[in-house]
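Can you keep this structure in mind? I'll have questions shortly.
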Amino acid sequence: MTEIIEAIKESAKRIAKTIQTTDFGYSDSANESGDQQLKLDVQSDLIIEEELSKTSSVRVLASEEKSEPITINERGKYLVGYDPLDGSSLVDVNLSVGSIFGIYENDFHGNSLKAAVYVVYGPRVEMVISTIKAERFILQNGKFLFMEELQLGEKGKLNAPGGTQQYWYPHHKALVEDLFSQGYRLRYSGGMVPDLHQILVKKGGLFSYPGTKDKPRGKLRKVFEVFPFAHVYEKAGGEAINDEGNRLLDLKAEEIHDTTPCFFGSLYEINKVREFYGK
């Protein structure tokens, strides 16, 4: 496990430098989800594959940018699912973006996730590593230095509602409006990593990406995005559930790009989700 996290650290350093120096134009290909791939997406994916391929403990790599997992070492113990540059379209407007990693054993189901890591590329580069607890690090002088253990309060003040509003179901719209009526502040950049990171650092709130009329199974992918952040939020004392009120880490990935509605937050906000969703 340690060598995997060290490889992720090296990947993050290289990606941070790439963001500073690379053309932001689009490549000629699209990823498995149909999104046109930025050159940064492609480069970030190659960097991560290169660094993780140096390890002896990784058996399989699954990238959000590729249609199928690849086996790199038959004797390896772990499977790594990752989104190399989540929110990459925000780079050209100079907003924060991130990388997300899930370290699995045996398969890519939620209960097989052993650790999660994400990186925020913003005014400074930060990393959160979630194993037994969720710990925050900052990149300084080429090294990731420990900052703090992340711990959510029971109730927060931030609301990050994803999905196109015109396609929200009435009960979800009522949930969002209820939180705003309580004085919750809107914090939504369109980047999953910085939005979820802000809620963690500010010690509470709700990030939601529901099932909608146009995307009833949600948009966010279990293996690459949802399961890793569910792990982080649980280790930080919060909860992460789907629209049925089920724990996200109890879900299975029916295929590598499987999606799900998802809600991440502190205890109060998740109970509000259950209330408005009748769960």
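Just so it is clear, glycine is given a Cβ too, placed from its N, Cα and C backbone atoms.
Quantities reported herein were computed from a predicted structural model and do not represent experimental measurements.
From Swiss-Prot, for reference:
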type: BINDING; residues: Glu64, Asp83, Leu85; note: Mg(2+) 1 binding site
type: BINDING; residues: Asp83, Asp86, Glu225; note: Mg(2+) 2 binding site
type: BINDING; residues: Asp86, Gly87, Ser88, Ser89, Tyr188, Lys219; note: substrate binding site
From the centroid of the CB atoms of Asp83, Asp86, Glu225, the recorded Mg(2+) 2 site, which same-chain residues not already listed sit within 8 A by their CB, in sequence order?
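These residues sit around the Mg(2+) 2 site: Glu64, Tyr82, Gly87, Gly98, Ser99, Ile100, Met192, Val193, Leu220, Arg221, Phe224.
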Could you check which of the binding-site residues Ser89, Lys219, Glu225 is the closest Cα neighbour of Asp83 (Mg(2+) 1 binding site)?
Glu225
Who sits close to Asp86 (Mg(2+) 2 binding site): which same-chain residues at least 6 apart have their Cβ under 8 Å from its Cβ?
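Those within reach of Asp86 (Mg(2+) 2 binding site), by Cβ under 8 Å and sequence separation of 6 or more, are Glu64, Val97, Gly98, Ser99, Ile100, Gly191, Met192, Val193, Glu225.
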Could you measure between Leu85 (Mg(2+) 1 binding site) and Lys219 (substrate binding site) for me? Cα positions, answer in whole angstrom.
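About 16 Å separates the two Cα atoms.
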